[in-house]
Amino acid sequence: MAVPETRPNHTIYINNLNEKIKKDELKKSLYAIFSQFGQILDILVSRSLKMRGQAFVIFKEVSSATNALRSMQGFPFYDKPMRIQYAKTDSDIIAKMKGTFVERDRKREKRKPKSQETPAAKKAVQGGAAAPVVGTVQGPVPGMPPMTQAPRIMHHMPGQPPYMPPPGMIPPPGLAPGQLPPGAMPPQQLMPGQMPPAQPLSENPPNHILFLTNLPEETNELMLSMLFNQFPGFKEVRLVPGRHDIAFVEFDNEVQAGAARDALQGFKITQNNAMKISFAKK
């Protein structure tokens, strides 16, 4: 029986996530890879047993959610390919923005006869509808506490063509690695006003170790590993104690390191930090 297609939504639902990753680390990493597609209003991740390996990312614009879904479908995230779909209903934060939010009568829902409850309704009652309903995982993220601070806002990068994956990311279905969608501009031309992606920082000869600079303060080893481990020959990321803005990435050989450097040169981990990559000095 065919599953009805869910219409585009501000919120995307992600499952098949690595359940061993801590909640705070997972939210930071999801923000790091999805913020490039537009303003993120919230990311919902739950510790509950039923919702492990799942998350909701809420964008301000539907187009941002669409770009994220198409570009990142199947992306290897902590060694597992992400499965992404639209949420079936608006999240509360979006409903409030639209003026369609309706406070739920949870007591009435709980008194509903069990014989009339569907599995989806049961989950919605348990979770309080804090997050949108999606696919076979119906209802909200149960037990999610309110955010303790305002969500970080990442503005959409002007000029990014629809469904264009960031440099080096897995392309949409039907495109070979490195191939651009029809009509798309090369990565160096994606963002008008952006500083040119960096000529090589030095004339260092090819090396199997890359030197990264201009990294944002929130960069950590896991974030960089997720970017580079999609390339053949990746071995490890090494951070420099006391310096958040630089790092080293090691590959098996110079050719593999060069391919990763060319693909991720100028990649923006945040809107204001275009990563600069060169071969490390031997």
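Placement of Cβ uses the backbone N, Cα and C atoms for every residue, glycine included.
These features come from Swiss-Prot:
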{"type": "MOD_RES", "residues": "A2", "note": "N-acetylalanine"}
{"type": "DOMAIN", "residues": "10-89", "note": "domain 'RRM 1'"}
{"type": "MOD_RES", "residues": "K60", "note": "N6-acetyllysine"}
{"type": "REGION", "residues": "101-141", "note": "region 'Disordered'"}
{"type": "MOD_RES", "residues": "R152", "note": "omega-N-methylarginine"}
{"type": "DOMAIN", "residues": "208-282", "note": "domain 'RRM 2'"}
The domain 'RRM 2' (208-282): DSSP-derived helix, strand, coil residue counts: 19 helix, 30 strand, 26 coil
Distant-in-sequence Cβ neighbours of K60 (N6-acetyllysine), under 8 Å, six or more positions away: H10, G38, Q39, I40, L41
Integer average pLDDT (0 to 100) for the domain 'RRM 1' (10-89): 88
